[in-house]
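*Asks:* Take this structure first; my questions come after.
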Ligand SMILES: *[C@@H]1O[C@H](CO)[C@@H](O)[C@H](O)[C@H]1NC(C)=O
Ligand SMILES: *[C@@H]1O[C@H](CO)[C@@H](O)[C@H](O)[C@H]1NC(C)=O
C-alpha cells in the first residue's frame, strides 16, 4: 500500500490511496466544482454535524453529449432531410449511457478510499454511482467541508460544501457532478438524518412572472373586444393581434407547470369561461402531481391563484380545450429539476428524487409552458447539465416554452451582479435569467399594445414592466442565432462597461407575445394581469395549434423550434417590435430595435404565416 498526503489548505491532511485492477495508482486531487458565494437569499449558518448522513450521488459523464446539438439540429433544422424525425426514449437513453470504464473508475476510487463495496450502488440506468456516507466521510472523499446554509426568506436549512470539492484527477474526468455538494437551493430531498432533524431543502429564488395590473380607466365591457384591446386584452384580442384564427381538431397536447401552492381557483375558471368560452364551463386541466404537488382548487389568495388562473384561462380558452391540457403541479418547493426527473428516470438523482414516485415515467407532453423563472447565478456545471437534459427531452419531440422574466436585464428585481460575480443590490452587471438562457428553451418576452391603438397597429415592448432579456454568461451564442444576434450587437447594442453583459452569450428572448392588461378572473371578479407569464402560454398555445395541424396531416409535432424560428424560411413570420425598452441595474438596459433584440426577440408571430411555414416542413 502506498499512502499519499495532500494538503488542501483548509481541511488539513487528506490521505488518499488509490488503486485499480490490483496496481496501486496515485493521482492528485483537483478542484472539480466550486462557487464563489452562496446564491442570493442564502446565508452560511454553521458547520455541518459530522455524523449526519448524506446520500452521495456521483453522476457519471455521459458520452456523446458533445454531439447533442448536432443530433438536435439534424431533426430541428428546417433544411435537414431528417426534420421532425424525433428519437425514442430508448434511443436517447442508450446514446447517453455512461461507459463501463467510468463506472469502474469511480467504483475503484471509492473502494480504495475505504468505502465497503457492499455500500456502493449503481443506479439501474447506469448514470449514477450512489453511496450513503456520513458528513465526515464525504468531507474526506471530496476534500471539502460541509456547512448548513439557511435560506433567509424561509429559514429552511440546506447542507452544502463551503466553496468547492475535489476529486482525484483520474476520477474527475469520468464524473460530471457530485451531489449534494455546492448546489444550494437544489432539492436534495430527505438529505439528512441526524441531530439537526429533517432539513427539507427549499427551492431557490424562483419567481412567477405574472404582473398584477391596475384596473384600466375603461368603459368598455369585458366581452367587447372592439376598440378596447389596448386596455383590456381578451382572448379575442389575442386572436386578432396574432391572426390566431384556428379551429383546433384535437391532436397533440400541452402541459402547464405550476409550483408549490400556486393553483387555479375552479370557481374563477368557470366565471371566466362563462363570459368568454361558455362551452368550457366545468372543464379543468388534467392534474399530474410531481413530488407531492397537490390540487388546491378552493384557494382564493390572489397571490397563489393569479399565475395559475391566468395560465389555464389563456391556454384552455385559446385552444377551446380541444386538446388535453395537463397541469404539472410540482410540490415540495421543487423547480425545474423535479420536472425533468419526473420525465426521465436517468435524471432523478440530480433532483434528489431517488426512489420517489415522481421519478421517471411521467407522461411528457408535446409542448410545455412555464411561467416561472430564476437567475443564472448557480454553478455552471449544474446549469449545463440541466440544459442538456432539456435538450435530450427535446430530441423526443417536446417544445419547452418559458417566460423570459419581468425585470428587464436582471432575472431578479433589484438584484444585479458585482464584478466578482457575487450578487449586489442595485446597480451592477446584469443577471441573466434561468432556465431561459438554455438554448433548448424557447424564451418568450412581453409586448403591449400602445395606448388607444388597435390590434392592427404595431405593439411596443411591454411598458408596464421590463420584458426580460439579455445574454447568457454560461451558454455561448448558438450558430442558429448568430446571424440575427450578431447583427444586433454590431448595429444596436448599448455601450456599457465590458462586463455589464456578455456579448458572446446566448441571447434571449427568442420571441414575444402580449403581456399587459390580460383579462382574467381572480377571486370572483374580472380583473387584469399580465407579465411574460401571459406571453409564454399565449405563444405555447399557438405551437399546440401548429402541432394539431401537423399531426392531422400525418406529420410529427415540431419539438425544438429555435433553429426554425431564426432561419430565413421563417423571416416573414414575425411582427418586428421596434418600440420600447427594458431598463435595469442603473442603466437604460436594452431597447427594441428592427430585427432581433434582447427585449422582444424576433418579435410577435403572425400565426397564419407560422402555421404555413411549419406545414411546409417534412
Ligand atoms: C441510502 O439510504 C436510503 C435511506 O435509508 C436508502 O433508501 C438507500 O437505498 C440507501 N442507498 C444506498 C446506495 O445504500
Ligand atoms: C461570457 O460567456 C461565455 C460563454 O459564451 C463564457 O465562457 C464566459 O465565461 C462569459 N463571461 C463572463 C464574464 O461571465
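Heads up, the Cβ atoms here are built off N, Cα and C, so glycines get one too.
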*Asks:* Would you please say which range out of 198-225, 226-253, 254-281 has the annotation region 'Disordered' in TrEMBL?
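*Replies:* In TrEMBL, residues 198-225 carry the label region 'Disordered'.
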*Asks:* Which whole-number value in Å describes the distance between the Cα atoms of residue 597 (Ca(2+) binding site) and residue 307 (active site, charge relay system)?
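*Replies:* On Cα coordinates alone, these residues lie 27 Å apart.
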*Asks:* Which of the recorded positions 533, 576, 595 has its Cα closest in space to the Cα of residue 311 (active site, charge relay system)?
*Replies:* 533
*Asks:* Going by Cα-Cα distance, pick out whichever of the recorded positions 307, 576, 577, 595 is nearest to residue 533 (active site, charge relay system).
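*Replies:* Result: the closest of the recorded positions to residue 533 (active site, charge relay system) is 307.
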*Asks:* Within 8 Å of the Cβ centroid of the Ca(2+) site residues 576, 577, 595, 597, which other residues of the same chain have their Cβ?
*Replies:* 574, 578, 592, 593, 594, 596, 600, 601, 602, 603
*Asks:* Cα of residue 577 (Ca(2+) binding site) to Cα of residue 307 (active site, charge relay system): how many Å, rounded?
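*Replies:* Answer for this pair: 25 Å between alpha carbons.
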*Asks:* Same-chain residues six or more away whose CB lies under 8 A from the CB of residue 576 (Ca(2+) binding site)?
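*Replies:* Looking at Cβ-Cβ distances below 8 Å from residue 576 (Ca(2+) binding site), excluding near sequence neighbours, one finds 594, 595, 602, 603.
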*Asks:* For residue 307 (active site, charge relay system), what is the tally of other C-beta atoms lying within 10 angstroms of its C-beta?
*Replies:* 26
